[in-house]
């Protein structure tokens, strides 16, 4: 089942010039893509190529300058009030900057309950039980419930944001560099959790990342973005090889997992 369909999407930002006239800075250019239920797709690209802007458009935080975004066959621009509420529940995003994504005055308990209060019909006791369950799933315990964001480490706060997104059991989870910054042990645990959700609920995942190792471990498809365009789409197999210049640059930039000893025939 197709969850998200994007066709001929372009976007620009207007800013004033010295002459007083508005100038347009193109960020996305004729982007098209499809995401299906239960699949895991990576959007790979260097910083500043338009990945995060595309994500903001996909979840409805901004409207595109041109093109169409459809959710389950319905254009986002034409969703009625009830459909928009369901859309906000079904598609969740975890941002790279977790500090800006939460209210620093709220406790973790309040942060986790917020989407459940607005998007789900759960009693308070059920909300609290699910909050505790989601914390456990991201390797945190109830001791953080009464803490506020400034009292948490960056990794802890990132996991709180992930738990908040998972609490409403979304159909599509977009992670904007949200897993790449975790250590390898936590990253592996989060990936196991996401695989479980995919099996249980058919949750689709879109990883926005520059981490090629994450792509190879978890994703089924990868799209390479460069200068606001998707320049290549590849299935992820045993040996991932890119044909685009942008893809090859990213692949060549990956460091080996362990230091490689150079061979030499010279004797010291």
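In case you wondered, yes, glycine gets a Cβ from its N, Cα and C as well.
Annotation source Swiss-Prot lists domain 'ABC transporter' at 4-252, citing sequence analysis. What Swiss-Prot records for 45, 46, 47, 48, 49, 50, 51, 52 is ATP binding site.
Of the listed binding-site residues, namely 46, 48, 50, the sparsest Cβ surroundings within 10 Å are found at 48. Within 8 Å of the Cβ centroid of the ATP site, not counting the listed residues 45, 46, 47, 48, 49, 50, 51, 52, the chain contributes 225. Just so you know, the Cβ of residue 51 (ATP binding site) picks up 21 other Cβ atoms within 10 Å once every protein chain is counted. Comparing the binding-site residues 47, 52 on other C-beta atoms within 10 angstroms of each C-beta gives the minimum for 47. Ranking the binding-site residues 45, 49 by how many other Cβ atoms lie within 10 angstroms of each Cβ puts 49 at the bottom.
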